[in-house]
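Some notes on the structure that comes next.
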């Protein structure tokens with residue numbers, strides 16, 4: 001299989017439904033990524049698929065194309081009721097469910113198959129109104145799906161296709177009981193097409209997932225390299241006292257067009273946001289405490305380029321495709337080595353290159369050996385000059401204070417910068 005982003009395999013080479021091919025090509029999708037080239041032939045032949053591939057390699061399009069093709073090629077149950085969707089796509093987070101729904105809209109418009117969305121925290125009545133009119137494909141999180149099912153707003157007895165996206169994350173977050181509850185209300189596995197996809201699939205997860213699948217075929221792309229080969233990784237060892245100053249110095253040096261900074265707790269994220277906002281950066285905060293409408297608005301502003309920096313917990317690390325992220329900063333090394341892969345997978349997507357910079361501080365440096373064992377290589381270490389770190393930083397903002405706008409004009413590249421370590425002052429450790 002080619003190591004490049006796209007293969008020579010075209011969607012039109014497959015026996016995909018003509019409307020699916022037309023919808024894909026209308027959005028500029030002609031050639032398959034490796035995971036699409038592997039998964040589509042299996043799904044089109046009616047085989048269940050468990051696909052593992054790095055983030056940003058086209059998993060979502062693989063299962064959406066398969067789902068739409070299957071529904072267009074197989075008639076619905078003649079006794080199907082209005083509250084019975086034909087396909088169910090389950091995601092671990094609200095943001096991912098919304099994104100999948102957005103990606104599916106082009107296929108929906110051209111094929112006429114109707115979409116529904118179900119996620120917690122917001123829009124209960126609005127989502128329900130769509131479901132009451134009947135949907136073909138329902139995309140959602142398990143909690144809201146169960147809520148609607150228990151109230152008979154939806155009935156899963158006519159499901160023909162089921163998808164688990166970011167399946168390992170769903171199990172890790174404790175959704176296994178919810179998933180099994182939903183599966184028990186569907187037709188048997190042999191009577192439906194089953195697919196699951198994720199960047200990481202442990203043996204435990206595959207074993208649990210295969211309970212609900214029909215002799216699934218396991219496919220993977222580049223299993224020997226868990227981090228994308230287009231991502232340049234770099235590691236620093238700061239003291240706790242110098243950690244924030246190093247981050248801000250690196251931001252001045254790198255001047256990223258669009259970056260995500262990950263930390264392990266919401267309080268740490270709030271602290272980072274406060275320092276960067278006070279320093280004039282256009283920065284957004286994404287944690288579990290941020291209201292759902294605001295979270296979606298922040299993601300939209302970041303995607304559209306109105307924000308340059310997103311500070312986030314791992315709520316934003318899984319499955320979200322935000323184009324043109326040039327840098328990922330691990331302010332804290334994650335406790336879960338799989339989260340490292342998902343975090344840095346926000347950059348270097350869709351054939352682009354990216355940079356991942358991690359800070360192994362005194363508190364989280366002990367997480368490094370497990371991460372390096374998991375990814376199969378050591379992260380290159382760079383040194384920095386403590387005396388050259390930025391030291392004229394303003395006091396951080398606090399969320400309890402009325403925030404100044406983060407949407408002001410970005411500083412131009414020729415704007416004066418504070419004194420900081422020049423690029424050639426950063427040296428790779430031997």
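The backbone N, Cα and C atoms fix where each Cβ goes, glycine too.
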Quick one: which of 153-156, 157-160, 161-164, 165-168 does Swiss-Prot have down as motif 'DEAD box'?
165-168
Given the ranges 353-391, 392-430, which one is assigned the annotation region 'Disordered' in Swiss-Prot?
392-430
Sort out the residues at least 6 away from either end of the motif 'Q motif' (9-37), same chain, that have Cβ-Cβ distances under 8 Å to it, and list them.
1-2, 44, 51, 53, 57-59, 61-62, 65, 68-69, 72-73, 106-107, 109-111, 197, 219, 221-222
Between 0 and 100, where does the mean pLDDT of the domain 'Helicase C-terminal' (245-390) sit?
89
What are the DSSP helix, strand and coil residue counts for the motif 'Q motif' (9-37)?
16 helix, 2 strand, 11 coil
Helix-strand-coil residue split for the domain 'Helicase C-terminal' (245-390), DSSP-based:
61 helix, 25 strand, 60 coil
Measure from the Cβ of residue 53 (ATP binding site) and count the other Cβ atoms within 10 Å, all protein chains considered.
25
Give the nonlocal contacts of the motif 'DEAD box' (165-168) in its own chain as ranges (CB under 8 Å, at least six residues past its ends).
50, 59-60, 63, 89-93, 96, 100, 196-202, 205, 209, 318-319, 338
Just to be sure I understand the packing, how many Cβ atoms besides its own are within 10 Å of the Cβ of residue 56 (ATP binding site)?
25
